[in-house]
Amino acid sequence: AGRCGPAPRRRSVPSILRALAEKRQLSEEIVSLLQAQFSDLPRELHSWRQMADYSPEMRQFACLLHLYHIKAYDYLRKILPLPHPYSLTNWLSNNKAAAGFSSDIFLRLQDKVERGDQACYCCTVLVQDVSLQKQQEWDPRTKQLSGFVDLGAGILDADEAPLASEAIVLMAVGISSPWTAPLGYFLVNSTSGPFLAQLLRQAIHKLNSIGILVLAVTSGASACGAETARALGIRIDPKRTRCTFQHPPGSAHSIAFFFDIPHALLLIRNALQCFHKVEWLGDPMWWQHVVELAALGEQKVLEPCGPGTGRAGSKGSYHLKVNLGTLLFSEGVAEALEHLQMLGLASFQSCSGTAKFVRLMSSLCDVFYGRGPYGREPLLAGNYTKISNLFDEARSCFVNLTDSVGRYIIKSKRKLGFLSLLLNAESLKWLSSNHICLKGTPSQHLHTSAFSLDPLEHFLRALQQACGSSGSPTCAVFQAAYHKLLASWSLAPGPPPSSGNASPWDLSLSQRRALTLGSIRAQYHPAPARPLAPEYLYSAGLLLPSSALSNALTDLSLYTHSLTCMAGWVAEQLALDLQCEPCLASLFEADESRLRCRSVLYIKKLGGLSLPSASVHHITSISEQVLNWYGKVGGANDNTKLWHLCLEQKVFQELLGESPLFPTLTKHLFEGELSINNHYTVLVKEITRCYLNIRTHPTQHLNLKYPCGRHKLKRLKGKHLFPSLGSCQS
């Protein structure tokens with residue numbers, strides 16, 4: 001009988017994985033992880049026939065392979081009866097705020113859709129990563145090790161499995177109504193564009209399955225964000241831009257892609273800073289003009305006084321103060337540059353090109369943020385022509401922008417910020433022209449603010465507060481905080497819990513903070529906070545134990561001057577951190593005889609300190625009264641924190657029913673969604689808190705070694721002597 005050849009080798013799952021790695025269709029890292037975690041998977045192919053019989057490990061294997069390498073998954077589907085990719089969403093979902101998609105949130109969204117809530121019919125999906133501290137911990141509740149990678153189908157806790165270093169968080173945001181829904185999180189050890197693209201497609205499919213239409217997705221303007229866009233099919237090229245992708249692939253439904261605006265603006269700021277000078281059709285934009293504006297700080301400026309000015313004498317002087325809360329790309333900065341050029345300051349004599357570029361960027365921000373002349377709904381039909389013309393002008397500028405030696409910026413390594421804005425412009429135009437959001441409702445009701453990562457950033461900040469630490473949390477701490485936050489989450493339109501989205505300190509999100517004049521000033525001229533001169537407090541006995549006798553002996557004029565100086569110091573301290581331009585301006589008494597420019601303030605001085613506004617002075621005066629009535633100076637009370645909260649509450653009670661504070665900000669104070677942390681309440685709270693901290697902890701704010709050291713003496717009532725006001729003279 002003839003000899004038979006060797007029996008054909010029966011293929012197993014490990015052998016298929018090794019073959020894919022040899023062909024470089026699957027990375028060695030993924031193969032090693034799969035083999036370490038799933039060493040006891042059924043090796044024979046016939047064991048994979050019935051999906052209903054898949055073990056938890058087999059489900060984990062399928063989900064991991066699909067998310068990390070879709071091509072390898074598609075290849076294995078030709079050999080194994082693996083489920084369709086969009087059938088995996090059920091395996092990637094969990095209850096009780098575990099990793100994966102949140103089943104509870106999706107059920108609540110589905111209920112709103114079934115009840116006919118039209119505001120939930122369309123949304124955008126946001127994606128952002130959070131840094132985690134690598135740490136393996138024992139969870140006594142689940143009796144498992146935690147800290148490993150977890151994509152929702154189970155923890156990958158093999159000895160050779162990597163620890164999680166990031167959490168990918170997904171959120172849905174209403175476009176016609178400001179509702180937000182945290183869709184879930186995924187614990188990973190590394191992030192890639194293709195991985196995020198698969199997560200986004202899974203989220204879109206799951207939302208579509210409950211009747212919610214996804215119109216757009218938003219990612220950060222970063223290397224990973226750009227990789228995600230390309231993995232979805234987006235083309236980031238000014239000559240051949242493709243701003244949408246199909247979902248499912250090959251279908252007729254398109255979804256727009258956006259990069260986060262603050263991220264993109266930060267990249268553009270970095271580009272301008274690195275190039276120093278860029279030119280737009282021969283018109284130069286100098287970064288040094290911005291640096292000079294930020295560094296101007298506060299300056300005494302002379303101006304001629306002639307017959308035309310209405311003032312006698314040859315020259316007059318006034319105090320000019322730059323509002324460091326002003327955003328770089330704003331109309332206020334453009335106006336300030338032109339104003340300083342008009343005043344004749346040497347550093348700003350060739351700044352017309354800089355002002356022109358800043359004004360163009362400001363107009364783009366007005367559209368993307370839904371503010372300024374376009375209002376909160378810039379996609380209204382009446383605005384379309386104006387917006388299209390603006391986008392055309394921006395394209396012409398960015399495409400022709402060159403550095404000092406004539407090289408095009410759009411082709412340089414600093415191009416991503418400019419390309420991101422161009423892509424966002426195309427996406428907005430596409431949405432405005434092609435999409436119907438709700439039944440019979442045209443796309444003019446789309447709010448452009450829904451296309452930024454701001455809602456997700458607010459959620460992550462609330463999550464960080466729930467973690468109780470400013471550093472990176474461990475997986476266990478992150479999951480506990482997420483569970484706590486999700487339990488109180490509301491899908492109703494409005495601000496997220498604990499975010500205070502109307503607060504003037506709200507723009508302290510990292511990207512926004514880096515875009516203010518204050519951040520630029522800090523880069524070039526870092527300076528510590530200015531200490532309060534001790535004679536301001538000593539002059540009226542404010543550091544002495546309060547008593548009826550000491551109050552009676554104190555000269556009231558000195559007391560008033562000292563209180564004014566302290567209120568001015570409070571205003572200057574708060575101005576260092578305040579990120580809201582109008583609110584910062586409201587802290588100081590303006591010189592109304594001068595032209596008011598948004599980012600340039602004309603203020604009055606009292607010696608070396610700026611005069612506070614009447615509202616700031618009134619709040620500090622009430623705070624001093626409350627301290628005298630209810631408190632003990634020096635923090636003698638054991639429970640200092642509770643004591644301070646009680647004092648703040650008393651101040652609010654005293655202010656109730658009085659004349660409105662900050663009269664110039666009546667409309668601005670309550671901008672944004674209704675929230676207890678609006679501009680008004682936060683300003684009052686911060687002014688009160690700052691003043692009480694000075695009064696109860698003076699040695700932390702004063703340069704004092706000896707509280708009763710020698711000072712200049714000034715006459716008080718009778719023969720009693722106290723330190724003088726020193727430089728604090730009107």
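Just so you know, glycine gets a Cβ as well, placed from its N, Cα and C.
Among the features that TrEMBL reports, domain 'THAP9-like helix-turn-helix' is placed at 20-91. The domain 'Transposable element P transposase-like RNase H' feature in TrEMBL is assigned to 99-233. According to TrEMBL, the domain 'Transposable element P transposase-like GTP-binding insertion' annotation covers 263-376. What TrEMBL lists as domain 'Transposable element P transposase-like RNase H C-terminal' is 450-483. The domain 'DNA transposase THAP9 C-terminal' annotation in TrEMBL covers 547-707.
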Given a Cβ distance threshold of under 8 angstroms, which distant residues of the chain, six or more beyond its ends, lie next to the domain 'Transposable element P transposase-like RNase H C-terminal' (450-483)? 96-99, 123-124, 126-128, 130-133, 135, 137, 139, 146-148, 150, 164, 167, 169, 171, 173-175, 178, 180, 182, 185, 187, 216, 218, 220, 258, 260-263, 368-369, 424, 427-428, 495-499, 501, 506, 509
Within the domain 'Transposable element P transposase-like GTP-binding insertion' (263-376), what mean pLDDT does the predicted structure show? 80
Composition by DSSP (helix, strand, coil) of residues within the domain 'THAP9-like helix-turn-helix' (20-91): 47 helix, 1 strand, 24 coil
